[in-house]
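S.K.: The structure under discussion is supplied below as structure tokens; questions concerning it will follow.
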């Protein structure tokens, strides 16, 4: 095979790959594009064969993500956070609940100190239930006055079942405690981000590191914005929950990135799909896995909220479950609609991806007229063969008068046999026999 033939064959192969890629990627329904069986949306969703165009519409998702971040930042600036007693300091007073109602405790507090408490909640159920009062920092005299008023109003029982003033306990929380929690949380966050950046850079590439870190910052900002917008109280459990959702977010993002790496491995050696199309295929292939993982993760979080609020009345568990619920939803969104599109945008700035994309689009454009011409030739051949079958020539038809009889190929009687003059020779068993 000469070099000219090899070049022609390679060109035809690349053109065929580009044509096949163009057919596969044209339209949202692969079955309709290829003329095969049309698959439903749910079928394509579960098989990962292109139910969603995520990367191709990344400008839309950038706009949605930007709007969400803008609302979150505006909420933080305008409304601010509602910090719990652990962060801004204060006094807590608690005693056995008995038959006491929350409204009655609030009335006693207001009559005794002339102000309203920050919160009065019931913790626990049954005989072990207690009433917790949270307020700004009280002096020792104010605390003692409040204890006397609560005992006179409700007569809480001690461990021996008799009314006792010792059943009423109090505790003061300093502002420095909240500062220590905040500093330790920031240190833990920085260490976590550094370790994640090192791992992704070593395991994958630096562009994936940038995208993953940006996705985690997005998760933190949106979760904080939801807390500020709704007015949820920020407690140490909230900080723990934030660190937890970062772990979930990076896990979900790495799952998608691993599939992107698998699909784009050696992408520069083929002209079937661009880098962006391969990344979009990876998103679709891992879409249901991300959704199922999120749903399975949400179930215990919702159960924790139900147990914390309705059964135990533990506010700490409620705060922890609440931030995890918000973080799981936001983390699932960012790993699919933000991290991967950002990765494609960063990679398309490189010469390798930019050149490969131009080459694929060029081959695909050249393959479209060729495919149309092949289709016309095939249709013409099919028409000719159909016409020939519709009017066959049989021996029963009379021969036209002006037609000449066909020359006979039979030898005349008594003629000498003639040796064949064809160029073919009998096989001799020798290699290259007959070649000159």
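For all residues, glycine too, the Cβ spot is worked out from N, Cα and C.
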S.K.: What range among 149-166, 167-184, 185-202, 275-292 does TrEMBL describe as transmembrane segment?
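M.R.: Of the candidate stretches, TrEMBL labels 185-202 as transmembrane segment.
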S.K.: Between 1-32, 33-64, I'd like to know which one TrEMBL lists as region 'Disordered'.
M.R.: 1-32
S.K.: Given the ranges 105-128, 321-344, which one is assigned the annotation transmembrane segment in TrEMBL?
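M.R.: Transmembrane segment, as annotated by TrEMBL, spans 321-344.
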S.K.: Is it the case that the transmembrane segment (185-202) and the transmembrane segment (60-81) have 3 or more CB pairs under 8 Å, with pairs at least 6 apart in sequence?
M.R.: no
S.K.: Which one, 60-81, 209-230, 321-344, has the most C-beta pairs under 8 Å toward the transmembrane segment (236-257)?
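M.R.: It is 321-344 that shares the most Cβ pairs under 8 Å with the transmembrane segment (236-257).
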